[in-house]
Amino acid sequence: MINDTICALSTPYGISGIGIIRMSGPDTIQIIDKIFTPGRKRKTKKTWETHTVRYGFIVDDGKTVDEVLVTIMKSPASYTREDMAEIGCHGGLAAIKSVLRICMKEGARLAEPGEFTRRAFLNGRIDLTQAESILDIISAKTEKSLEISVNQTKGTLSKKINTFRDKLLETLTFLDYQIDFSEDYGELHNTTITKNLIPIIFDMEQTIKTGQAARIFTEGVRIAIVGKPNVGKSKLLNLLVEEDKAIVSDIPGTTRDSIEVVINIQGIPLTIVDTAGLRHSPSEIEKMGIERTKKWIEKSEIVLVLIDASNHIDELDYQILNEVKNKNHIIIFNKCDLPGKVGKEDLPDFSKNSMIVKISALTGEGLSALHSAILDRIYAGAGEIKNTDFFLNIRQHFCLEKALGILKESLEITEKNGTIDIIAENIRQAVVCLDEISGRCVSEEVLDRIFSKFCIGK
Ligand SMILES: Nc1nc2c(ncn2[C@@H]2O[C@H](COP(=O)(O)OP(=O)(O)OP(=O)(O)O)[C@@H](O)[C@H]2O)c(=O)[nH]1
Ligand SMILES: [Mg+2]
């Protein structure tokens, strides 16, 4: 039972038109009654009705501190299911600090990060997947990631997890019945268990595949542009982001420190990294840049290898191609506005099956082909995820993988006529994994980790 009242600033701390201070807990209305004086006293009722807004003043020891609008949402029809107030005060630092101080003076305490959402979870208004997706809504970088996160707060993932759980519980009921009453447990019952488990395992595998792939909409994809100096890496970055973010010059070694910019292609946030050109015997400063480029290759999901097609391909191009041969990559022949000196036939054998795109970073020719190639690389192996309405974050993915592993093991035991008690115990463990996803059964430590990622006031 939560018996204290929390308060926090829910809008960013800084100077703005308005600042919203939230309060939640059993003493909310009592505190508001002490610190708030209505603007039009004669017309205002003595008691608060839920979901009403009042205009007035925050008063401290008879002194008016700020002019505000107060919204009251009474339990259980509020974000936290507790009595809640939102004080819309002026967004200056002094006003915000004063109002918060007065709320605390009258008994509220400053909320921890994510504590409002944690209360919504603890009070059963949302499950853990919904709480986590609220964080995803706040950090969504594209409309598509926002759309999926909003769907997830409505329970798209919860529904899937609950369906798995219900089906496993049905199987468990059957097993418990067998343990209690059946003396001649045998092949017939194994068939029933197998029939139940196989479709659950199949659906779980599909959910993992789609949910993991769809994570790209929220977490995005990192793409590094690499190549020799002067091949046009910075020019390509500027073309992709439609802005002059990186310095372009015909002096080799212009880019020494990498530049990262986020763009949106079909709803996927792509972090494009322009790196230092890779070359032999560079200066000390450049060497550091080159080491960093190698790290970017490692850290990126996709690598764009740029080759200046107006010059002959050389040993260094080969070395760079060798560096990325085991990565998801695209070879780009740049400067195709100039007479070409490089073709597919000039590539080393290990690059013969790589995807190749011809572009001119100067004129923009080939840009849409490059966009398609990037999407093709992103979706390679991801299956049909464009219309998905859910995704799995790493924590949820891990729990579901664990449940799947246990169920596969249960199936094997069943097929080998294993002991019924062991099968039942395994299925119970799989249910626990699902309960960790939804938060039905989750440790304080996991909750602390999840909610510490939230901002104060959410
Ligand atoms: N004609 C032509 N010139 C290009 C093209 N792309 C880049 N350039 C020119 O090539 C030169 C080098 O371009 P950058 O983008 O600075 O090359 P970079 O690969 O970033 O070079 P470093 O930062 O030194 O590694 C500049 O003079 C660009 O204008 C292109 O498609 N066609
Ligand atoms: Mg550059």
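Cβ coordinates come from backbone N, Cα and C, glycine included.
Bear in mind that TrEMBL entries carry predicted annotations, made automatically and left uncurated.
The (6S)-5-formyl-5,6,7,8-tetrahydrofolate binding site annotation in TrEMBL covers Arg22, Glu86, Arg125, Lys458. Residues near Arg125 ((6S)-5-formyl-5,6,7,8-tetrahydrofolate binding site) in space but far in sequence (CB under 8 A, at least 6 apart, same chain), listed by position: Pro76, Tyr79, Thr80, Arg81. Mapped onto three states, the DSSP output places Arg125 ((6S)-5-formyl-5,6,7,8-tetrahydrofolate binding site) in coil.
A mean pLDDT of 89 is what the model gives for the domain 'TrmE-type G' (220-379). Look at TrEMBL and you will find 220-379 tagged as domain 'TrmE-type G'.
Taking a C-beta cut-off of under 8 Å and a sequence gap of six or more, Thr254 (K(+) binding site) has these contacts in its own chain: Pro229, Asn230, Ser234, Ile247, Val248. Classification of Thr254 (K(+) binding site) by DSSP places it in coil, neither helical nor stranded. The K(+) binding site annotation in TrEMBL covers Asn230, Ser249, Ile251, Thr254.
Other Cβ atoms within 10 Å of the Cβ of Thr255 (Mg(2+) binding site), summed over all protein chains shown, number 23. For Ser234, Thr255, the entry in TrEMBL reads Mg(2+) binding site.
The GTP binding site feature in TrEMBL is assigned to Ser249, Asp250, Ile251, Pro252, Gly253, Thr254, Thr255, Asp274, Thr275, Ala276, Gly277.
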Review point. Least buried of the binding-site residues Arg22, Lys458, going by other Cβ atoms within 10 Å?
Key: Lys458
Check your understanding: Which one is closest to Glu86 ((6S)-5-formyl-5,6,7,8-tetrahydrofolate binding site) in space, judged by CA to CA distance, out of the binding-site residues Ser249, Ile251, Gly253, Thr255?
Key -> Thr255
Exercise for review: Only counting partners 6 or more residues apart, tell me which same-chain residues put their Cβ under 8 Å from the Cβ of Gly277 (GTP binding site).
Suggested key: Gly227, Lys228, Pro229, Asn230, Val231, Lys233, Pro252, Gly253, Thr255
Practice item. Specify the secondary structure state of Gly277 (GTP binding site) as given by DSSP, simplified to three classes. Key: coil
Exercise for review: Could you check which of the binding-site residues Arg22, Glu86, Arg125, Thr254, Thr275, Lys458 have their CB within less than 6 A of ligand 1?
Suggested key: Thr254
Check your understanding: Are any of the binding-site residues Glu86, Arg125, Ser234, Ile251, Thr255, Lys458 near ligand 2, with a Cβ under 6 Å from it, and if so which?
Key -> Ser234, Thr255
Study note, to complete from the structure: Rounded to a whole number of Å, the separation of the Cα atoms of Ile251 (K(+) binding site) and Thr275 (GTP binding site) comes to 15
